[in-house]
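Feature annotations, reproduced from Swiss-Prot:
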type     : residues   : note
TOPO_DOM : 1-7        : topological domain 'Cytoplasmic'
TRANSMEM : 8-27       : transmembrane segment
CARBOHYD : N109       : N-linked glycosylation site
DISULFID : C110-C121  : disulfide bond
DISULFID : C139-C202  : disulfide bond
BINDING  : D144, H256 : Mn(2+) binding site
CARBOHYD : N185       : N-linked glycosylation site
DISULFID : C306-C315  : disulfide bond
Amino acid sequence: MHCRLFRGMAGALFTLLCVGLLSLRYHSSLSQRMIQGALRLNQRNPGPLELQLGDIFIAVKTTWAFHRSRLDLLLDTWVSRIRQQTFIFTDSPDERLQERLGPHLVVTNCSAEHSHPALSCKMAAEFDAFLVSGLRWFCHVDDDNYVNPKALLQLLKTFPQDRDVYVGKPSLNRPIHASELQSKNRTKLVRFWFATGGAGFCINRQLALKMVPWASGSHFVDTSALIRLPDDCTVGYIIECKLGGRLQPSPLFHSHLETLQLLGAAQLPEQVTLSYGVFEGKLNVIKLPGPFSHEEDPSRFRSLHCLLYPDTPWCPLLAAP
């Protein structure tokens, strides 16, 4: 009874804070009182219940240039199934998207450039919004990812609730090496694993709380500058080099930088994330026959969605089993 009461309190706080915070532009110096209040609420919770989709905060990073070409596809497909858990982080206002998403569209003060500081600025916005939410898991994806909610929940349920968890797919088959800037123009060689942001990754709350000194607000951009690497690398650096944690590699996350055609149709429902794009000069998409042609559905996301959810109104009847 007490667990459910605390869960209800957390849900109410989440709704109020998100409406008040996420509908406005993000400011790098997010109110410390709001963060501390969320942390105190988390500490009062006597024990977690079984993980549910409603416990997961899903952040989608995008930019103005892709509002039409990418976001409409996501909103029509997987986001429609978990809209309450999904927040879109962008760099420019969009009245049409605002009407469709309401407070789930977060317009940051970050630059639209594809630069390390701009990317790190958005990641900091995602991270701080998660802290305020009070939810149990933070999952980051890009705007060219398809998220399978059932597979995501199933994966996260496998991890012990009392351990720090950082799960995703490494983009390299070895740790990355970086030069960490130190005082007096000195550098220190560091090595660590990181989950590629293009495939998505997840971090549980107790680990996220430990990351705050390096990842909250402007600290994330500063930390990224220390190693002069992008936002996803910075997450791995904080967890492995600053906190002594470890990446839990998972083959269920996928980016457009791998050969997606190698996944069989029978494997697709088991994957947590999928992607599409151009790789080595060729269109790189999952291999999935119908129900839409490649001209109608070049990303194959609509066909995948109909495979997973054949009851979707716009799916052809032949998609049903």
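For all residues, glycine too, the Cβ spot is worked out from N, Cα and C.
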Going by C-alpha positions, which of the recorded positions (C139, H256, C306) is nearest N109 (N-linked glycosylation site)?
C139
Rounded to the nearest Å - Cα separation of H256 (Mn(2+) binding site) and C139 (disulfide bond):
18
Integer Å distance between the CA atoms belonging to N185 (N-linked glycosylation site) and C306 (disulfide bond):
55
Could you say whether, by DSSP, C139 (disulfide bond) belongs to a helix, a strand or a coil region?
strand
Where C202 (disulfide bond) sits in the secondary structure, as DSSP reduces it to three classes:
strand
For the disulfide-bonded residues C202, C306, C315, the one whose C-beta sees the most other C-beta atoms within 10 angstroms:
C202
Please tell me which one of the recorded positions listed here (C110, N185, C315) sits closest to C202 (disulfide bond), measuring Cα to Cα?
C110
C315 (disulfide bond) to D144 (Mn(2+) binding site): how many Å between their Cα atoms?
21
Please list, in sequence order, the residues in the chain of N185 (N-linked glycosylation site) that are at least six apart in sequence and whose C-beta is under 8 Å away from its C-beta.
none
Calculate the per-residue pLDDT averaged over the topological domain 'Cytoplasmic' (1-7) and state the result as an integer.
45
